[in-house]
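Quick look at what TrEMBL annotates:
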{"type": "REGION", "residues": "1-27", "note": "region 'Disordered'"}
{"type": "TRANSMEM", "residues": "41-63", "note": "transmembrane segment"}
{"type": "TRANSMEM", "residues": "176-194", "note": "transmembrane segment"}
{"type": "TRANSMEM", "residues": "214-232", "note": "transmembrane segment"}
{"type": "TRANSMEM", "residues": "239-255", "note": "transmembrane segment"}
{"type": "TRANSMEM", "residues": "261-278", "note": "transmembrane segment"}
{"type": "TRANSMEM", "residues": "309-326", "note": "transmembrane segment"}
{"type": "TRANSMEM", "residues": "338-359", "note": "transmembrane segment"}
{"type": "TRANSMEM", "residues": "412-438", "note": "transmembrane segment"}
{"type": "TRANSMEM", "residues": "459-478", "note": "transmembrane segment"}
{"type": "TRANSMEM", "residues": "484-506", "note": "transmembrane segment"}
{"type": "TRANSMEM", "residues": "518-537", "note": "transmembrane segment"}
Amino acid sequence: MTTIRQRRVEKGTEVAEDQPSEEKNVKPDGKILSGGKLWNILWITVGGIVAISLGLLTSVYVATLHENDLWFSNIKEVEREISFRTECGLYYSYYKQMIQAASIQQGLHGLVYDNKTESVRTINILERMNVYQEVFLSILYRILPIQQYLEPVYFYIYTLFGLQAVYVIALYVTSWLLSGTWLSGLLAACWYITNRIDTTRVEFTIPLRENWALPFFAVQIAAITYLLRTHLQPVQERLTLTAVFIATFLFSLTWQFNQFMMLIQALALFILDCFDMIPTAKVTWLYIIQISGLLLVCVLQFFNSMILGSLLISFNASVLIARTVQKNLKKGGLLNRLGKLILHVLLVLGLTLLINKFIKKILNLESDEHIFKFLKAKFGFGATRDFDANLYLCEEAFGLLPLNTFSRLSDTLLFCVYIFVLFLMTVAAVIVAFRNLSGSNQVQFMEKMEECTITLKPDAAYNLIHTVLFGCLALSTMRMKYLWTSHMCVFASFGLCSTEVWKLILKCIHLYTSQRTHVLKYSIPIITLLYISYKFWPGIMDELSELREFYDPDTVELMNWIKSNTPNTAVFAGSMQLLAGVKLCTGRTLTNHPHYEDKNLRERTKQIYQIYAKRSPEDVYRILRSFGTDYVILEDSICYERRHSRGCRLRDLLDIANGHIMDGLGENEPDLKPSLYPRFCEEIKKNLPSYTIHFTRVFQNKTFHVYKLAKHK
């Protein structure tokens, strides 16, 4: 098991929010003063320098944490590779494969016609997995004159840490655009860093797909925020749409879950469009960009059927069709519009399901069925014995967001400020939505609503719905919290530095003056920054000074034994997580792996995992040999698992799926029956004749047991 042990010592002008009045910039003789413009340019330049500096500092910070945690520069190559755990190791193995190939062409051919990732099958890695970033990076490393100065692994990890700079700068810019002052961006970046445990996990899961994708997603949100501003020039709008498309494409290319994230984004746009809070023309462009970006990725992934059958494409197409069918959707009184809106929503949902079902029927698509089984069971629509669904349900990462998350976020004041701003903006949004639906033109009503209208510009409205929907996702699935918490930093800092928010608050308590608004807009964020610095700076310094060391001798011993004592063509079976490391460290062929978005692989994994079930040695041998297995690796940490409670241990999931009662004290469902055979992973260690005729132990340490399969004629 991998462990980490203690290392042994051997004032400001707002940006593009409100243009300076001509009275202040024009002399009596009509000449325009240049001082205001110069100050504005200087202020923007300072803000830009601060953004870049914070981005670079964040990159250095996470890189230092990674080095201090593992002593990465001092450990052996095999230890570095083992540190890329589970699916991270699988993705990095393709980068290593491309680097070691005789030529770029041969490297690409090896990925397109891969027969080492899944034994007795040839698969197209570029179709099945989102690894174009590894391909691009490996080609870049080969053509740049840096091989003598920088090892491939450092080129890889420094690129990921560099993307953190892009991420922080994008968050900074989004907050700046929303509030009109870069002080807001500074606060957002500081919150992101001080809440690192809940905003990123890049320093210990470097190759994970989300670490590639989320920086581009943040850039896309910043571009959408700018796009939704009013009074953009046509050339500005075209350039911004181009930026949105590029960011959407890169986000989609680098993460297999892109379609689900963009579906939530499309729902946000749909809600805002229905309530007339953002321009319909811009929403249409964003729908088209999402579809075109995803289809371009589909082409690059050799027409991956999972992309074509995505709900996003069906939903966006349905919205565009429904809008052409239902004309005059935004005309009429309140009841009339509500009726049209309900009909519109039902039409869109019905068309989405119809189109999606039709596409999946035509393509015979079943790659994502495990996700819907998981969601059905998670939200209480019936219990399931499905092995794949239960595998997700029992993982903490796919459970509800733990309550201690909110206490950590509250320590930095982030969550408290966020809830305060969210409440104000939600109230304003509800009132504005009601006004838009009612279509009232009464002067008195408009005067009442003026303050709310100011606080809910289209860009702020989008970010409000975005944070609400992704908040719901994070609350339901802990693994997705990083999409929410980073945007929480943006939204909270925007509210604290927003003229409109403070103006609304002061008007509500009858204390509004422009001077008070200005003072609060700058003084409260500065006080917050001082508090964060005072409370968390010592902790950050202590964290940076703490030195540890990677320590996993059992896995290192296993990998070295495999490389030294097995042929290059040997096929290994075992757990998904371990086999990813086997491929990376040894280059041997696998029977299964952690990239789970394929029905055949899921069936294969369930069969391989019978090594931890109550099955006869003959059955297990037959299953393993059907996949060409030469060696099987058994892990005590799985066979005698204690990490999960009864009912969620891997052996329990297999017993339930096989119709067998579970081990240990506790209830079993009435139709489960005792197995005729003992648990394979336990019984094989007794060296009984019925087992040794098929399996010979060839390696053993405290964690792993490797058995060679006999080759019977």
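Any Cβ shown, glycine's included, is placed from N, Cα and C.
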Long-range environment of the transmembrane segment (338-359) - Cβ separation under 8 angstroms, sequence gap at least 6: 270, 274, 308-309, 311, 313-315, 317-319, 321-322, 325-326, 328-329, 332, 365, 437
Top partner of the transmembrane segment (176-194) among 239-255, 309-326, 484-506, 518-537 - counted as Cβ pairs under 8 Å: 484-506
Surrounding residues of the transmembrane segment (309-326) on its own chain - C-beta under 8 Å, 6+ positions past either end: 259-260, 262-263, 266-267, 270, 284, 287-288, 290-291, 294-295, 340, 343-344, 347-349, 351-353, 355-356, 359-360, 363, 365, 367-368
Tertiary contacts of the transmembrane segment (518-537) (same chain, 6+ residues out, Cβ under 8 Å): 11-12, 181, 183-184, 186-187, 190-191, 194, 411-413, 417, 493, 496-499, 502, 506
Other parts of the chain folded back onto the transmembrane segment (261-278), taken as Cβ under 8 Å at six or more residues beyond its ends: 217, 228, 248, 251-252, 255, 286-287, 290, 294, 310-312, 315-316, 319, 330, 341, 344-345, 348, 429, 432-433, 436-437, 456, 458, 461-462, 465-466, 469-470, 473, 483
Contact set, same chain, for the transmembrane segment (459-478): CB under 8 Å, 6 or more residues outside the stretch: 174, 177-178, 221, 224-226, 228-229, 264-265, 267-269, 271-272, 277-278, 378-379, 396-402, 422, 425-426, 429, 432, 484-485, 487-488, 490-491, 494, 498, 500
